[in-house]
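S.K.: Below is one structure. I have some questions about it.
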């Protein structure tokens, strides 16, 4: 009986947290690059925002060809990736950045999946049971999250449109939330 009470309490707390995230204040600058308002450079780059503004906010979410993309500024570098986690579409723009083995990783707020900002690799902590005394080590699941090339020019931040000839796990959720209107955060 105690197990049921604890389980019920757990679900209630998770519900309250998801409600708070969904309804809470947005700590992210939103910029939309819809088809009508998109500023394209001759080489196809899409303007995301001013370099100084993104440095101050540390992250910005934008639409690139209808696709939600989040641009992070972390430790002197800009990184861009699909804004929805490859696992179940969690909003990476709300995640914390953590250093794992010298790699900056975004932690998905829904299920704590770890994704490197530089390459889009999913990381997990695993052990080799064949070792005499196995110790957990960070390992790669492979590249799961689509990353986007960021270009800085004349104080502006640009993102290259995605090359859709290669597919990634995050493409499913990028398509699912494509053109959703308000960069929705719900499950």
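Each residue, glycine too, has its Cβ placed from N, Cα and C.
Automatic prediction, not curation, is the source of TrEMBL annotations.
Annotation source TrEMBL lists domain 'Rieske' at 46-159.
Any idea what these are sitting next to in the structure?
M.R.: Over the domain 'Rieske' (46-159) the predicted model carries a mean pLDDT of 95.
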S.K.: May I have the DSSP-based helix, strand and coil counts for the residues of the domain 'Rieske' (46-159)?
M.R.: 10 helix, 63 strand, 41 coil
